[in-house]
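Encoded as C-alpha cells, the structure appears first; notes follow it.
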Amino acid sequence: EGNQTTITEFILLGFGDLPQLHILLFLLFLVIYIATMAENILIVALVVTDQHLHTPMYFFLGNLSCFETCYTSTVLPRMLTTLLTGDRSISVMGCIIQFYFFGSLAGTECLLLSVMSYDRYLAICKPLHYAALMNGRLCLQLVVGLWIGGFMSVSIFIFMLSQLTFCGPNEIDHFFCDFHPITKLSCTDTHMVEVAGLISCSIFTLPPFLLTVTSYVCIISNILRIPSSTMRQKAFSTCSSHLIVVTVFYGTLTLVYLLLDSDALRDLNKVFSVFYGILTPLVNPLIYSLRNKEVKKALRKSL
C-alpha cells in the first residue's frame, strides 16, 4: 500500500457518454428543477396561509413538499453545473456529504410516508377518536422526530465511510454520489461499513414500510365494509393520492437498490434513479394538487 496514492476527488461520469445531448439535458433538468421547486413551495405556502388546510393531513403534506425541495436540491444543482460546464470532478468529502443528505432525506421520506399512512388509518378507521388522537402537539412531535430520525439514520455509517481510503480508480458511473458506487472505489476493507449501512437501512426503511402496508390493509378492508358506494368512493379519495405516492416511491426504490443494483444493469439503474431522485419530487405535488379538492380550492382562492 506504500506505493498507492490517496485520491482526493471523484469523477462523476453521469451522462458523459452523451456529450452531444448535454445542452438538451441541461435545459430539460433545469425546467424540471424550477417546476419542482415552484410546485412544492406553492403547496407549502398554501398550507401555511389557508385556514382550511390547517389539519394534520395538510400539515404532513406541507412537510412532504418542504422535504421534496431539499431532496431535489441535493442532486440537481450539482448535475446542472456538470452539464453546463463539463466539470465532473467532486471532492471525496463533498461526495460523502452529498450522499449524507441524499440518504438522510430518503430515510426521512420513508418515515414521513408511514406517518401519513397512519394519519389516514386513524381518519378512516377511527373517525370518532381522530381529533383526540391526532392533535396538533402529536403532529409536531412526529414531524420533529422523523426529521431527526431521518438525519440520524445514516450518521454512523457516514462517519465510517469518511474513514475509508481511496486509491483509485476514481470514476463513479452515476450522476450523484450513492453508497455502493463510493464503497466500490475504496482500497480498504468495506465489510463493516456495508454491514452498518445494511443495519441502518433495515431499521429506517423496513418498519416504516411495514407500518404503511399494515395501515393500508386496514384502510382498504374498512372501506370495503362500507355499504354505500358513494361513501366508499369518498373514503378512498381521501387516501388515494397518498397511496399513489407510496407506490411510486417504494416501487422505484426497489428497482434501483434491489433489482437493478448490478454492473450489467448499470445504465438501466441510472435511468430509474432519475425517476426516483428527480421525477418523483416533481410528480408528487401534481398528484396531490390535481386530485385534491381542498388544495385546488385553496389555489383558486389565492389566485
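Glycine too: its Cβ is placed from the backbone N, Cα and C atoms.
Per TrEMBL, domain 'G-protein coupled receptors family 1 profile' is recorded for 39-288. Mean model confidence of the domain 'G-protein coupled receptors family 1 profile' (39-288) amounts to 85 (pLDDT, 0 to 100 scale).
Long-range neighbours of the transmembrane segment (23-46) within the same chain, counting only residues 6 or more positions beyond its ends whose Cβ lies under 8 Å from a Cβ of the stretch, are 15, 53, 61-62, 65-66, 68-69, 72-73, 76-77, 79-80, 83-84, 278-279, 281-282, 285-286, 288-289, 295, 298-299, 302. Taken from TrEMBL, the feature transmembrane segment covers 23-46 (among others).
Taken from TrEMBL, the feature transmembrane segment applies to 58-76 (among others).
Sequence-remote contacts of a segment are chain residues at least 6 beyond its ends whose Cβ falls under 8 Å from one of its Cβ atoms, and for the transmembrane segment (96-118) they are 57, 60-61, 63-64, 67, 70-71, 74-75, 78, 90, 142-143, 146-147, 149-151, 153-155, 158, 161-162, 176-179, 182, 204-205, 207-209, 211-212, 215-216, 219, 239, 242, 245-246, 249, 253, 277. Residues or ranges marked as transmembrane segment in TrEMBL: 96-118 (among others).
What TrEMBL records for 138-161 (among others) is transmembrane segment.
Sequence annotations record features per position, and here TrEMBL assigns transmembrane segment to 195-219 (among others).
Annotation source TrEMBL lists transmembrane segment at 240-260 (among others).
Nonlocal intrachain contacts for the transmembrane segment (272-290), taken as residues 6+ away from its ends with a CB within less than 8 angstroms of a stretch CB, comprise 29, 32, 35-36, 39-40, 42-43, 61, 64-65, 68-69, 71-72, 75-76, 102, 174-176, 178, 241, 244-245, 248-249, 252-253, 255-256, 260, 296, 299. Feature annotation from TrEMBL assigns transmembrane segment to 272-290 (among others).
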Among 58-76, 138-161, 240-260, point out the range having the most Cβ pairs under 8 angstroms from the transmembrane segment (195-219).
138-161
In the same chain, which residue numbers or ranges, 6 or more beyond the ends of the transmembrane segment (58-76), come under 8 angstroms Cβ to Cβ?
29, 32-33, 36-37, 39-41, 43-44, 47-48, 98, 101-102, 105-106, 108-109, 112-113, 115-116, 119, 139, 143, 175-176, 277-278, 281-282, 284-285, 288, 294-295
